[in-house]
Amino acid sequence: MGGAVVDTGDSGVKAPDGGWGWAVLFGCFIITGFSYAFPKAVSVFFKELIREFGVGYSDTAWISSILLAMLYGSGPICSILVNRFGCRPVMMVGGLFASLGMILASFATNIIHIYLSTGVITGLGLALNFQPSLIMLNRYFSEKRPLANGLAAAGSPVALCCLSPLGQVLQYKYGWRGGFLILGGILLNCCACGALMRPLMALKKTSEVDEKETKPKPKPKLLDFTVFRDRGFLIYTVAAAIMVLGLFVPPVFVVSYAKELGNEDTKSALLLTILGFIDIFARPTCGIIAGLKWVRPRCVYLFSFAMIFNGITDIIGSMAKDYPSLVVFCVFFGISYGMVGALQFEVLMAIVGTEKFSSAIGLVLLVEAFAVLVGPPGAGRLLDATKNYMFVFLLAGCEVVLSALVLAICNMLFIKRKPEQPDPPAKMEMAVIDTEMEELNKAPKNDQDNGGGENGKKQAIEQEPESIGVGSIELENASKNVTEPNGVVVEPESSVKILEQ
């Protein structure tokens, strides 16, 4: 890895908002699909594993739980590796781990081997792909970032609709061992997606930039804990942890809920297909809405609305007594679930910025890992105690609504909105105008020094256009420097220094 370019995210390059960024978006779409859909798709093989190893359903369910725990819990490790080696090499190594885990699992002789191979190794590999792909997406998109996040998040329902039927076909034709082996080969595509993550590089253009690059730069922190000083980040982390407690509960229990009401297995499983289909269109649509000019500065409150929508849907869905009402619940849950999925990382990017996002997402995922391990099992214990699905959905809805209230109310009370600062060209224009005013103010003094007669007035008039001409030339040059097409950012204050000299 010594020859790899380390993309620290502090290259001073403006996000292209397109170009190669669309290839990065495609790679992030695939990785997001694998990361979120794979733990659910593996559950297709659970019945075969129960028969093979003579274990219970709860034993096999630990495979998906360990996968999700590794995906979330290894966030800080991913942040350290990304800040040390860059996104591309980390993702390609992660793709090898993800594939290796499934291949080793195909030779397992007991359930513990599958825990270690599929759960730990594959889970770590997916984590090493998921987080860096989001970091690169954040670096390649700025103005179009909400749309890019929505499109990338759509990879999860699309992959779920593809991987679950594929798993059933593989199990029928090749058994669970052959299915695991083929899925391991499919996961090698993570390496190809990692190769798409080309780091942004600034082109050397001026001697001034060369001088800046020769100066020694401080080494970036492997894990930046200063994000905890940001009130917005703390509020987001607490709200996200509460949200995750209940967010994933309804998709886990809705099929069992339908069976409890007396519906057939195939008819009950169709509910997840409906939910996933709605989710596919909800995420990009929400990304478009979040990118609107008057919505984007308030995306935190849009995220809060999405969570309230999701929580109220759970609460109302708890009263469902027949199949049609569950279908309606899945439609509205798919919309709200898609909105949450499209906005959760967009809001985090907006809060912490590009430079600290690699550390922030790792720390957030670590906190969410504990909630993921507590949420669904806790709901299962509640179901065992009450024997009533209504209380499970009510609890999930209340948790999600509580997280929305924490996020919205704390942002209104503790986060002060910063005044909008003018962009660099506007700053340049203001600086040049101030310089011109100083020249004009000197004119009366020169008039007095020259006797205060007609000669003094003529001299002042002659000096005035000269100063204005210099200012307009400097303003034009400064604007050219700021909007340089090769992506190099040159400090606009340099022209002001020339004027002062």
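Even glycines carry a Cβ here, placed using N, Cα and C.
Where the annotation comes from TrEMBL, it is an automatic prediction and has not been curated.
These features come from TrEMBL:
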| type | residues | note |
| --- | --- | --- |
| COMPBIAS | 439-448 | compositional bias 'Basic and acidic residues' |
| DOMAIN | 21-415 | domain 'Major facilitator superfamily (MFS) profile' |
| REGION | 438-501 | region 'Disordered' |
| TRANSMEM | 20-38 | transmembrane segment |
| TRANSMEM | 61-82 | transmembrane segment |
| TRANSMEM | 89-108 | transmembrane segment |
| TRANSMEM | 114-135 | transmembrane segment |
| TRANSMEM | 147-166 | transmembrane segment |
| TRANSMEM | 178-197 | transmembrane segment |
| TRANSMEM | 233-258 | transmembrane segment |
| TRANSMEM | 270-292 | transmembrane segment |
| TRANSMEM | 299-320 | transmembrane segment |
| TRANSMEM | 326-345 | transmembrane segment |
| TRANSMEM | 357-377 | transmembrane segment |
| TRANSMEM | 389-414 | transmembrane segment |
With a Cβ cut-off under 8 Å, give me the same-chain residues at least six positions beyond the ends of the transmembrane segment (178-197) that come close to it.
23-24, 26-28, 30-31, 34, 38, 45, 87-92, 94-96, 98-103, 105-106, 118, 122, 125-126, 129, 132-133, 136, 167, 170-171
Sequence gap of 6 or more, Cβ distance under 8 Å, 3 or more pairs: do the transmembrane segment (270-292) and the transmembrane segment (326-345) meet that?
yes
Hey, which bits of the same chain come close to the transmembrane segment (357-377), Cβ under 8 Å, at least six residues off its ends?
9, 65, 68-69, 71-73, 75-80, 82-83, 131, 134-135, 138, 221, 223-225, 227-228, 233, 236-237, 240-242, 244-249, 252, 345, 348-349, 351, 399
Residues from the same chain, set at least six apart from the ends of the transmembrane segment (147-166), whose C-beta lies under 8 A from its own:
21, 25, 28-38, 40-41, 44, 133-134, 137, 140-141, 273, 276-277, 279-280, 283-288, 290-291, 338, 341-343, 345-346, 349
Which listed stretch (61-82, 89-108, 299-320, 389-414) has the most C-beta pairs under 8 A with the transmembrane segment (233-258)?
389-414
Residues outside the transmembrane segment (389-414) whose C-beta sits under 8 Å from one of its C-beta atoms, at least 6 past its ends, are 231-232, 235-236, 238-243, 245-247, 249-250, 253, 256-257, 260, 300-301, 303-308, 310-315, 317-319, 375, 379, 382-383
